[in-house]
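Colleague: Below are the features listed in Swiss-Prot for this protein:
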DOMAIN    4-205  domain 'Glutamine amidotransferase type-1'
ACT_SITE  C84  active site, nucleophile
ACT_SITE  H179  active site
ACT_SITE  E181  active site
DOMAIN    206-398  domain 'GMPS ATP-PPase'
BINDING   S233, G234, G235, V236, D237, S238, S239  ATP binding site
Amino acid sequence: MHQRILILDYGSQVTQLIARRVREAGVYSEIHPGDVDDAFIREQAAQGLKGVILSGSHASAYEEGSMRVPAAVFELGLPVLGICYGMQAMALQLGGKVSFSDHREFGYAEIVAQGGTKLLSGLADFQNDAGQDVLKVWMSHGDKVTELPPGFSLMASTPSCPIAAMADESRGYYAVQFHPEVTHTVQGKALFSRFVREICGCEGDWNMPDYISEAVARIREQVGNDEVILGLSGGVDSSVAAALIHRAIGDQLTCVFVDHGLLRLNEGLQVMQTFSENMGVKIIHVDATEQFMGKLAGVADPEAKRKIIGREFVEVFQTEAGKLQGAKWLAQGTIYPDVIESAGAKTGKAAAIKSHHNVGGLPETLNLQLLEPLRELFKDEVRELGVALGLPPQMVYRHPFPGPGLGVRILGEVKHEYAELLRRADAIFIEELRNTKDPASDLSWYDLTSQAFAVFLPVKSVGVMGDGRTYEYVVALRAVQTFDFMTADWAPLPHPLLAKVSSRIINEVRGINRVVYDVSSKPPATIEWE
C-alpha cells in the first residue's frame with residue numbers, strides 16, 4: 001500500500017493542483033470533502049496516511065456555519081499543512097484569531113520569511129536589502145489570521161498581512177496564507193516536496209512502472225475470467241484505458257469504436273491501426289455516419305446537437321453491447337478530476353462544478369458492472385501511462401477534442417459537405433503547427449498551444465481566384481494557451497505561420513476562400529465556439 005497524503009477540500013477551484021503537486025513529488029494523494037467525519041480520518045490513518053493538507057475556499061472561515069477541520073486531524077500526531085482558508089480554519093480551531101482584512105490581497109505578492117523553519121528555510125526567490133529571504137507568491141484572500149494560536153510562531157509576513165505563514169514545528173503544523181499550488185508561486189513545487197518528503201517522511205513510492213503492475217493485478221482480480229466491453233473514442237482517456245485493460249486481460253476485452261462521421265481527418269483509420277493491427281485489440285468498428293447525419297439534419301442549436309449526438313452514441317453502443325452476450329463489465333476512461341467533480345456536484349462544496357459524461361454515463365439498462373482503471377489518475381499521469389504502455393506519443397499528447405466532435409465546430413446545421421471541408425482545413429492547420437518551431441524554445445507551435453482547431457462558419461464571402469470571382473465558405477482558426485482550461489489566452493502565432501496556413505487552406509480545400517484568426521480570450525469567450 002502506498003504512503004499517502006490526504007487533501008481535505010473546502011471548495012477551492014484549484015484544489016486539484018494541490019494533489020498534482022504532491023504526486024509530482026512522487027507521493028500518492030487523494031482529495032476528499034473537508035467535512036468528512038473523524039472515523040474516516042482514523043480509517044485513512046490506518047492505511048498509510050503520512051500527512052494532511054487543508055485546501056483554500058471561496059468562503060469565509062469565521063462566518064457562522066463555515067466548514068471546520070475534523071477534530072481527528074489534530075489528534076493523530078500527523079503533520080498538517082493549511083493553505084489560505086485551511087490556515088484560517090487551523091488558527092481558529094487551535095486558539096488563534098481571524099478577522100476580515102481591510103486590504104484584500106489578490107494576485108502577486110512578496111512575502112518575507114521569518115526565522116528558519118523546516119518548510120521555508122532556503123526557499124527564496126531573492127534577498128531584500130536587509131538580507132531576508134523573499135518569496136514571490138500568489139495571494140487570494142479576504143480574511144487573515146490576526147493572532148497566532150498557542151505554540152505557533154511567525155513564518156512569513158507581508159506589509160498588509162503580518163501573519164502570512166505560521167508554524168508549530170513541535171507538532172508538525174504549518175500554514176500559509178498564499179497558494180503554493182499555483183504556478184505563479186515560484187517555489188510552490190519545492191514547498192510541497194519539502195512538506196511531503198522531509199516533514200511527513202514520505203519516501204516517494206508513487207511512480208508509473210509500479211502503478212502499471214498494480215493496476216494490471218487489480219484488473220485481473222476484479223474481472224477474473226469475465227468479458228469486458230469499452231467504448232473507444234480515439235481520445236486520450238479511452239485509448240489509455242483500452243491499452244491498460246488489454247495488457248491485463250487480453251482478448252477478454254472488446255472495444256466498440258463508433259464513427260459518427262464527425263471525427264478528424266483519418267482518425268478512424270489511425271485508431272484501427274493502433275489498436276487492432278499493432279496491439280491486437282478486438283475492435284468492433286461501427287460506421288454510423290448516416291444515422292448521425294440523418295438525426296442532425298436541420299438542427300442548428302448547439303445544445304440540441306450535443307444531445308442528439310450523445311443519445312445516438314448510447315443507442316449504437318447499446319445495440320453492439322447487446323450482441324456481446326458474455327460481457328459483464330463496462331469499462332470507461334473516467335479519470336480523477338471527473339471523480340472529484342462528480343463528488344463535488346453531489347455535495348455542493350465547490351463554487352463552480354461541471355458534470356462529466358464518463359461518471360455514470362451510460363444507462364444502467366446495460367446491466368454491466370463498471371470498470372474504471374484510470375479513476376485515480378490526473379490527465380498528465382494518464383498521458384505518462386499511455387506512453388509507458390506503448391501508445392504513439394502523437395495520440396497520447398494530442399489536444400483535447402470534444403465528445404460531439406466536429407458537430408460543435410460546425411456552426412449551425414451539420415452537413416456532410418461542411419464536415420469534409422472542416423476536416424481538411426483543420427488537418428492543414430494542425431500539420432503546420434506541428435511543423436513550425438518557435439526558435440526561442442525549440443518547441444513546435446503545436447506543443448506551445450494547449451488547444452488548436454478550425455471552425456466552419458456557414459456563411460459565404462466574395463473572393464477572387466485567377467481571373468474569376470468566387471463566393472465560398474469561411475473558416476476560423478482558434479489556438480489558445482492555458483494552464484487549466486478555466487481561463488485561456490489566444491495564442492500569438494507568428495504571422496508567417498498564419499499566412500502559410502491560410503494560403504494552404506484556400507488553395508487546397510476547394511470551397512473555402514477566406515480564413516480568419518480568433519483573437520478572443522476566455523473569458524469572455526469560451527474556447528470552443530459552440
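The backbone N, Cα and C atoms fix where each Cβ goes, glycine too.
Explain the structural surroundings of these features, please.
Modeller: Residues near C84 (active site, nucleophile) in space but far in sequence (CB under 8 A, at least 6 apart, same chain), listed by position: S12, S55, G56, S57, S140, H141, V176, Q177, F178, H179.
According to DSSP, H179 (active site) sits in a coil region rather than a helix or strand. H179 (active site) has a Cβ environment of 22 other Cβ atoms inside 10 Å.
With a cut-off of 8 Å between CB atoms and residues at least 6 apart in sequence, the same chain places V14, T15, L17, I18, R20, R21, I83, G188, F192 near E181 (active site), listed in sequence order.
Counting every protein chain shown, the Cβ of V236 (ATP binding site) has 23 other Cβ atoms within 10 Å.
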Colleague: Neighbour count first, Cβ atoms within 10 Å, every protein chain included; then name which of S238, S239 tops the list of binding-site residues.
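Modeller: Comparing the binding-site residues S238, S239, the most crowded Cβ belongs to S239.
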Colleague: Specify the secondary structure state of G235 (ATP binding site) as given by DSSP, simplified to three classes.
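Modeller: DSSP assigns G235 (ATP binding site) to coil.
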Colleague: Beyond S233, G234, G235, V236, D237, S238, S239, what residues of that chain have CB atoms within 8 A of the centre of the ATP site's CB atoms?
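Modeller: Once S233, G234, G235, V236, D237, S238, S239 are set aside, the remaining close residues are L232, V240, A241, G333.
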Colleague: Would you mind ranking the binding-site residues G234, G235 by how many other Cβ atoms sit within 10 Å of each Cβ and giving me the lowest?
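Modeller: Taking G234, G235 as the binding-site residues, the minimal 10 Å Cβ count falls on G235.
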Colleague: Would you mind checking how many other C-beta atoms are within 10 angstroms of the C-beta on S233 (ATP binding site)?
Modeller: 23
Colleague: Tell me the Cβ neighbour count for D237 (ATP binding site), meaning other Cβ atoms within 10 Å of its Cβ, over all protein chains shown.
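Modeller: Excluding its own Cβ, D237 (ATP binding site) sees 20 Cβ atoms within 10 Å.
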